Amino acid sequence: MAGGKLQDRLQDEDGDVRVGVDRFPERQPIGATAADDLGRDYVEPPPAPLFEAAELSSWSFYRAGIAEFVATFLFLYVSVLTVMGVSKSPSKCGTVGIQGIAWAFGGMIFALVYCTAGVSGGHINPAVTFGLLLARKLSLTRAAYYVVMQCLGAVCGAGVVKAFGSALYESAGGGANAVSPGYTKGDGLGAEVVGTFVLVYTVFSATDAKRSARDSHVPVLAPLPIGLAVFLVHLATIPITGTGINPARSLGAAIIYDRPHGWHGHWIFWVGPFAGAALAALYHQVVIRAIPFKASARY
């Protein structure tokens, strides 16, 4: 009994002792003031409908698709052209190397997400679109439209790179993704799943409206962590698969290159990213946000 009373008193004195994450309200962060709490109430928006007919008559819907097309076009143009430059160099000292390729991919995503986030959300990747669709952040209509425009943009971007130098493009493999020698298809699939999970989870975290509302003392420039995630994943997985984590990027390069090498194991670069995106959506929505378990939409 004495031990129980002592424990109760210690719990009363120590406000940080909790039983369950949702039992007590969150403490103020260090340095926060009462004024910081004003306006932090957050209401979870309703899930997007699977089909929204009104979108089809809105110019903003088509403008968003055009933005996805242009962004994916520029992404493939710069990134694949960088790959061609590395392949052309006779020595490692005369080229940007793997690090430079990773920076090209990550840097372009940073710039393009920054430019297009206010127009289309800055997906530039069917896997990102798929993850957000599963989380009901956009309609099935918009998701399908985005994927089509992303793939078309990727094909055109890779096509322009080939037009600059067909011989070099062919000899360098056209920037097409494939599992590298020494690795199995299972290795490649795993690399694509985990790499895409990192990317899509970062997208969810960096664009979380609840986080922005409740943790406004921590400013987040969403394109920066997303671009860094792409950069780091490329550093890790270029030696394994050339790094897909973007089905449109893989498809565009494969179509323009149009050789068996580009199509061998191509399914990996669709199944892997989509599976990784689905896992990231599940983890963020169910584990991190616990949305299905909330009795109320107000936090």
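Using N, Cα and C of the backbone, Cβ positions are placed for all residues, glycine too.
Quantities reported herein were computed from a predicted structural model and do not represent experimental measurements.
Taken straight from TrEMBL:
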- 66-86: transmembrane segment (TRANSMEM)
- 98-122: transmembrane segment (TRANSMEM)
- 143-169: transmembrane segment (TRANSMEM)
- 189-206: transmembrane segment (TRANSMEM)
- 218-240: transmembrane segment (TRANSMEM)
- 267-288: transmembrane segment (TRANSMEM)
Exercise for the section: Count the CB pairs under 8 A between the transmembrane segment (189-206) and each of 66-86, 98-122, 143-169, 218-240, 267-288, then give me the winner. Expected result: 267-288
Problem - the transmembrane segment (143-169) touching the transmembrane segment (66-86) per 3+ Cβ pairs under 8 Å rule - result: yes
Problem - For the transmembrane segment (218-240), sequence-distant contacts whose Cβ falls under 8 Å of one of its Cβ atoms, 6 or more beyond its ends - result: 98-99, 101-103, 105-107, 109-111, 113-114, 117, 122, 179-180, 183, 187-188, 191-192, 195, 198-199, 202-203, 205-207, 211-212
Problem - Beyond the flanks of the transmembrane segment (98-122) by 6 or more, those residues with Cβ under 8 Å of it - result: 63-65, 67-68, 70-71, 74-75, 78-79, 82-83, 86, 132, 138, 146, 222-224, 226-232, 234-235, 238-239, 243
